Amino acid sequence: MPAVKIGIIGAGSAVFSLRLVSDLCKTPGLSGSTVTLMDIDEERLDAVLTIAKKYVEEVGADLKFEKTTSVDEAIADADFVINTAMVGGHTYLEKVRRISEKYGYYRGIDAQEFNMVSDYYTFSNYNQLKYFVDIARKIERLSPKAWYSAAANPVFEGTTLVTRTVPIKAVGFCHGHYGVMEIIEKLGLERKQVDWQVAGVNHGIWLNRFRYNGEDAYPLLPRWISEKSKDWKPENPFNDQLSPAAIDMYKFYGVMPIGDTVRNASWRYHRDLETKKRWYGEPWGGADSEIGWKWYQDTLGKVTDITKKVAKFIKENPALKLSDLGSVLGKDLSEKQFVLEVEKILDPEKKSGEQHISFHDALLNDNRSRFVINIPNKGIIQGIDDDVVVEVPAVVDRDGIHPEKIDPPLPERVVKYYLRPRIMRMEMALEAFLTGDIRIIKEVLYRDPRTKSDEQVEKVIEEILSLPENEEMRKNYLKK
């Protein structure tokens, strides 16, 4: 059983990092491994490290920890590098969004047809794209045999960029495919009897195969829609898998959009707050409305505060067990949710649902498993270029990644009317980044239904480029 080094970049993301640590503890084949936690926010990093060590101590696992603020130290001699970092954080994203809305671009210039997710910036996110390439080049130099796992958005643009420009082993991960499980549950099906397959691009995947006990299960959907969809209400802003938007997309494309694909719809569903509420449900209007996104940001802030609070309490009370947190934390909903998350990771029988550690285990220890991953197409999906990264199921073992045959193929409408337009915007974002041709970003906005004049385009781009953190971006785009 090989002990490995796993570097986690952006490890101050508490819940994500703790999920990975818990999965490592539940993976015997990776026992004895070293986890290097890297983040530029030392306070958050220390808090995560404290809780992670406490967890490992309680479950009796053999894991070693290192912490660092240096990307190089996280990467050096690593076998796997997981990147979840967002350059500039949500503060930068909101700066760009405010400037964009000042000039008439509701929810920001990066909110585009088929890319409405609020932290999935592609055109104003030069620093994030550059960070992806910088990390990949450091891996090439410091740990050329390591696998790079992309978890930070934009996964589609980022993983395509890295696989095209740096010769390392790279793969992207997302949670979106778990939307299939909600459909299975709502239809009252036994999960083990369902044969499903999804395919597309990150945040643009579709349920191409849906069979139950060997029979086509799609006929069950219209019945649910006619009998129960009228009673649907979202439990939180992200609960949209069976929303009116999802059902409307299904009726047009012929297959169900899965996970974040429901959010990444056309402007028909996103024109304004009232439109969003109609398609994604009251009271939030989905995760990407101004209300839904504030809910998400507030939740993130609370989780950060709770993480620090728990870490402080552990240091002051070393005899405390994580299983006792329920008696320590208050009755606030966010604290209750944090306790539930801890209870999940303490369950020795269940992994977190994050795919990274199981993927590594499959490669190292030949524990053959099925994943939904982001890899270069290379003929997997018909009608898409080979060097475009697609999100598809694959079996992974010691011999590598074995993509499944997409059967049945995606409907032509999905490929022609959804995937190709989304891919076009990805190509425009990457060409703009790589060439420094600002005209490409302008062209995107000239085509934008929110644009009323060329002057509007010039002003919004100029103000975004003038942000202090965008000095390098400005030099890149104004060098010609």
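Heads up, the Cβ atoms here are built off N, Cα and C, so glycines get one too.
Features reported for this protein in Swiss-Prot:
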ACT_SITE  HIS175  active site, proton donor
ACT_SITE  ASP260  active site, proton acceptor
BINDING   4-70  NAD(+) binding site
BINDING   ASP119, ASN153  substrate binding site
BINDING   CYS174, HIS203  Mn(2+) binding site
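Sequence features, as recorded in Swiss-Prot, placed on the structure.
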{"residue": "VAL4", "record": "NAD(+) binding site", "DSSP class": "coil"}
{"residue": "SER22", "record": "NAD(+) binding site", "DSSP class": "helix"}
{"residue": "SER31", "record": "NAD(+) binding site", "DSSP class": "coil"}
{"residue": "LEU49", "record": "NAD(+) binding site", "DSSP class": "helix"}
{"residue": "GLU58", "record": "NAD(+) binding site", "DSSP class": "helix"}
{"residue": "LYS67", "record": "NAD(+) binding site", "DSSP class": "strand"}
{"residue": "ASN153", "record": "substrate binding site", "DSSP class": "coil"}
{"residue": "CYS174", "record": "Mn(2+) binding site", "DSSP class": "coil"}
{"residue": "HIS203", "record": "Mn(2+) binding site", "DSSP class": "coil"}
{"residue": "ASP260", "record": "active site, proton acceptor", "DSSP class": "helix"}
Taking Cα atoms as reference points, which of the recorded positions ASP119, ASN153, CYS174, HIS203, ASP260 is nearest to SER31 (NAD(+) binding site)? CYS174
Cα-Cα separation of SER13 (NAD(+) binding site) and CYS174 (Mn(2+) binding site), in Å? 15
If you measure HIS175 (active site, proton donor) to ASP260 (active site, proton acceptor) at Cα, how many Å is it? 9
My understanding is the cutoff is Cβ-Cβ under 8 Å with a sequence separation of 6 or more in the same chain; which residues meet that for ASN153 (substrate binding site)? MET86, VAL117, ASP119, TYR120, TYR121
Can you check which residue among the binding-site residues SER13, SER22, SER31 has the largest number of Cβ atoms within 10 Å of its own? SER22
Cα of SER22 (NAD(+) binding site) to Cα of CYS174 (Mn(2+) binding site), in Å and rounded, measures 18
Just going by other Cβ atoms within 10 Å, which of the recorded positions GLU58, ASP260 has the emptiest spot? GLU58
Sort SER13 (NAD(+) binding site) into helix, strand or coil using the DSSP assignment. coil
For CYS174 (Mn(2+) binding site), which residues of its chain lie six or more apart in sequence with Cβ-Cβ distance below 8 Å? ALA151, VAL155, ASN202, HIS203, GLY259, ASP260, VAL372, ASN374, GLU391
Ranking the binding-site residues VAL4, ILE40, LEU49 by other Cβ atoms within 10 Å, which is at the bottom? ILE40
For HIS175 (active site, proton donor), what is the tally of other C-beta atoms lying within 10 angstroms of its C-beta? 13
Densest Cβ neighbourhood among LYS67, HIS203 (binding-site residues), 10 Å radius: HIS203
What is the total of other Cβ atoms whose distance to the Cβ of ASP119 (substrate binding site) is within 10 Å? 19
